[in-house]
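So that you can see what the record holds, here are the features copied from TrEMBL:
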- 28-260: domain 'Aminoglycoside phosphotransferase' (DOMAIN)
- Asn37, Lys54, Glu108, Asp109, Leu110, Asp243, Pro244, Glu245: ATP binding site (BINDING)
- Asp226, Arg332: substrate binding site (BINDING)
Amino acid sequence: MYEPLTEQKAIALAVRLGLFGKDALLSCKEIGDGNLNLVFRIVNERTNDSIIIKQALPYAKVVGESWPLTLKRATIESQALRTFASYVPQYVPKVYYSDESLAITVMEDLSHLQIARRGFIEGKTFPNISEHIGEFIAKTAFYTSDFGMNQQQKKKLAQQFTNPELCKITEDLVLTDPFFDHDTNNFEAELRADVEQLWQDDALKRETAKLKRRFLTKADVLLHGDLHTGSIFASDDETKVIDPEFAFYGPIGFDLGQFFANLLLNALARDERDRKPLFHHIEKTWDVFIRTFSELWRESNEPYATVSGVLHDVLRDALTEAIGFAGCEVIRRTIGLAHVADVDELPLERRLDVKRHALRLGRELIVQREQLPIHAIKQLVQQTVHVNS
Ligand SMILES: Nc1ncnc2c1ncn2[C@@H]1O[C@H](COP(=O)(O)OP(=O)(O)O)[C@@H](O)[C@H]1O
Ligand SMILES: CSC[C@H]1O[C@H](OP(=O)(O)O)[C@H](O)[C@@H]1O
């Protein structure tokens, strides 16, 4: 039966499940720094072997028991990791065990890598992250789409990944609340005039409504659903995607957009001269995505896949959505409930500047999404940062 683990109980569980040898000397630390779950790292002090036990709480950790949240998210997460592993095992942690009633996933310990957000804040460049994430998104998207999978099986998979509670969090916190005077919003008093201007911007809200509708209705591909740089472990050579508890069938450009947005937030928080690696990653991710997706397209059994222009239309949609959802993510991380350390750790005056830049950039990404080629994003950053100078 479900009960929240403590460090001692996590060790007892690891022993009960026989996850270590008989004479193991186990230590455990709760290392979760995310918004929602507990994460225990258990180490055999004799051999240095280690595992991670991630457990969902029946509420959102960041808010507390007043925000109940389904335990089913743990099952979605372990199933998504296993599904992704069937296409791109090199980019996800191995799942050793999962238990629906305990809401746990036991997985590979990735502590030899660094969470990409923290690395980018420290100025690291992670030279291969865009190659890897571009391939991760292209392969998982293609193979779970109607172009890469039996269309009847796809419907069953989409059913398995129906994730209403977690989708609702995104619908509210990413796609709605920041655009209205909602009590989940959280921003500095000095930004009130800028934020009120955004709330009164009906042209922006009309475009955001279109994006929200896509998110609500377009069951296109299996998405990670929360692919920010805090959900990616990286080193110079390796990249691993974690935390797919928001996985669901949604619009093809959504994961790309979340990733782009979090690279952009890091870029905005840096001095201008240091932004180049982030723009490079955005463009490279897109290049790898279209190259990989287009190669896989040749395998498609869908009769329309051979019709000239159809691939172009799918990729065009992906880019438009990616840019639009990136704009939503940039805005919500600036004034919504859940922020990013890249910006929040800046001193106040600099933070306010960066947040004003982020609000302008987010807006332009949303309203201009249908006209922007990928390489125009860096110019847009430049324009939105220098709007008054
Ligand atoms: N497989 C893993 N190996 C090592 N550390 C991990 C692993 N999974 C999670 N963590 C640690 O736990 C933290 C929170 O994990 P995450 O899955 O993002 O939780 P949440 O769902 O609460 O956001 C990560 O930032 C990382 O430090
Ligand atoms: C109350 S959930 C807020 C926010 O947290 C999730 O991120 P993570 O679990 O990676 O910390 C997700 O982005 C939600 O929008």
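Each residue, glycine too, has its Cβ placed from N, Cα and C.
Positions of the features from TrEMBL, shown on the structure.
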| residue | record | DSSP (3 states) |
| --- | --- | --- |
| Asn37 | ATP binding site | strand |
| Lys54 | ATP binding site | strand |
| Glu108 | ATP binding site | strand |
| Asp226 | substrate binding site | coil |
| Asp243 | ATP binding site | coil |
| Arg332 | substrate binding site | helix |
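Residues Leu110, Asp243, taken from the binding-site residues Leu110, Asp226, Asp243, Pro244, Arg332, are distinguished by a CB atom under 6 angstroms from ligand 1.
Of the recorded residues, Asp243 (ATP binding site) and Arg332 (substrate binding site) place their C-alpha atoms 19 Å from one another. Looking at the residues that bind ATP per the record, Asn37, Lys54, Glu108, Asp109, Leu110, Asp243, Pro244, Glu245, the two CA atoms farthest apart are separated by 18 Å. Annotated pair Lys54 (ATP binding site) and Arg332 (substrate binding site), C-alpha to C-alpha distance, rounded: 26 Å.
Cβ neighbour count for Arg332 (substrate binding site) (all protein chains, 10 Å cutoff from its Cβ): 25. Take the binding-site residues Glu108, Pro244, Glu245: by the count of other Cβ atoms within 10 Å of each Cβ, the lowest one is Glu108. Every protein chain considered, the tally of other Cβ atoms within 10 Å of the Cβ of Asp243 (ATP binding site) stands at 24. The binding-site residues near Asp226 (substrate binding site), taking a 10 angstroms Cα-Cα threshold over the set Glu108, Leu110, Glu245, are Glu245. Rounded to a whole number, the distance between the Cα atoms of Arg332 (substrate binding site) and Pro244 (ATP binding site) is 19 Å. Contact annotation for binding-site residues (Lys54, Glu108, Leu110, Asp226, Pro244, Glu245) versus ligand 2: Asp226, each with CB under 6 Å from a ligand atom. You'll find the Cα of Asn37 (ATP binding site) roughly 21 Å from the Cα of Arg332 (substrate binding site). In this structure, the C-alpha atom of Arg332 (substrate binding site) lies 29 angstrom from that of Leu110 (ATP binding site). Taking all protein chains in view, 25 other C-beta atoms sit within 10 angstroms of the C-beta of Lys54 (ATP binding site). Least packed by the Cβ count within 10 Å, out of the binding-site residues Asp109, Asp226, is Asp109.
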